[in-house]
């Protein structure tokens, strides 16, 4: 290359070489300038890049520091929040512990109070059981006294009837003797007249034949006088016997009156005890738990169960009344008091009283009157439906018939649903849901006159007589059992066409009407 340049330079002139050198120098200068500019630009770009990187690094460090600061702040805030939450939880735990301790003390006090109440209720139940046992024993004693009194009154009545028949026979015999005495007195007067005439004739005639006739007449007169004296003695004896019978009759009447008074007192005492017992048994059960217990949230089902589940006693529910034996119809013309007549009739042919069943549903007697005929039950009809809210209440359907047994001042009545031939329900219901139709009461047949101070027992009316086509066995206590071909006296068939009320062999009850047919004479 040097050789080519030197050869070229020799050939050219100086000026050309200078221009070329200038051009080359300028080109080199430009080149170096461009290189310098490029280097400066590169350096500037590198510097800017470094500055940018440094700024980014500083920004990154700043962001990281800021992030660390935020994280530290968040951590501190979280720690503070955790501390506050822990303090709050600790406070809540302490409050919960305090509340639980307080609640525990309250529950302990409540349990102690409830245990005290349970013990008092158990003691009350034991007292009531003892009273019930005592009342049962007393009722048994009263029943035995009533039976003894009935037997004594029946014997006294039989004695009185016998004495009355003896008195009637004595009176008839005395009347006959009086008639005979009158007849003998008339004969004696006639004989005295005849004797006087004969005496006059004898004195006038003074004949022997007349003396013989006079003697015969005297003998006859003497015999007639003896007969008259004997008749008078018999009359006096009968009069004394009649006086004795009258005195004995007065004594027996006094005895019957005393027995009647005693029987009446015993019966009134028995009725009073029975009513007290029934009031205790049929009163609506009141809650034994305080109203404050509602705050602790017991459900209604908690206290709706009977008391039997709690301590083994029967629930307080309506129980059947101890009805006295029904009185049979007995015709008598003897005017005695109604108590004596009732006792005599019952002692003669009274069946045993039909026991009422004591179940949880509360089946009771049929609502008829007792033997005294003084209690009248009312018939009511439901005018609206009602749903029972406890075991002691009755659910009603519109149109159902009920026998009202008891009325409370609170507006609740105790009644018995009329469902003949089936188990009857007894319970309490609001009086505003029913309307009273009429009064009902069982009457007992009596034809014996009674004293004015006693209530008269109305007689049962026999509507018709029917004959049994098939035998029937009673399924409930208020029904009547009979055999085929038995003749039943129908006393009531207005309440239910399918079930009639009748009387058979002194027993009164309900029987199905399709088991019988009308009796044709």
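The backbone N, Cα and C atoms fix where each Cβ goes, and this holds for glycine too.
Unlike curated entries, TrEMBL annotations are predicted automatically.
Record features, source TrEMBL:
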COMPBIAS  1-11  compositional bias 'Polar residues'
REGION    1-94  region 'Disordered'
COMPBIAS  13-94  compositional bias 'Basic and acidic residues'
COILED    160-262  coiled coil
REGION    280-376  region 'Disordered'
COMPBIAS  284-296  compositional bias 'Low complexity'
COMPBIAS  314-327  compositional bias 'Low complexity'
COMPBIAS  362-376  compositional bias 'Basic and acidic residues'
DOMAIN    375-439  domain 'SH3'
DOMAIN    461-521  domain 'SH3'
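Averaged over the coiled coil (160-262), the predicted model reaches a pLDDT of 79. Break the compositional bias 'Basic and acidic residues' (13-94) down by DSSP state and the numbers are 81 helix, 0 strand, 1 coil. For the domain 'SH3' (375-439), residue counts in helix, strand and coil come to 3 helix, 33 strand, 29 coil, using DSSP.
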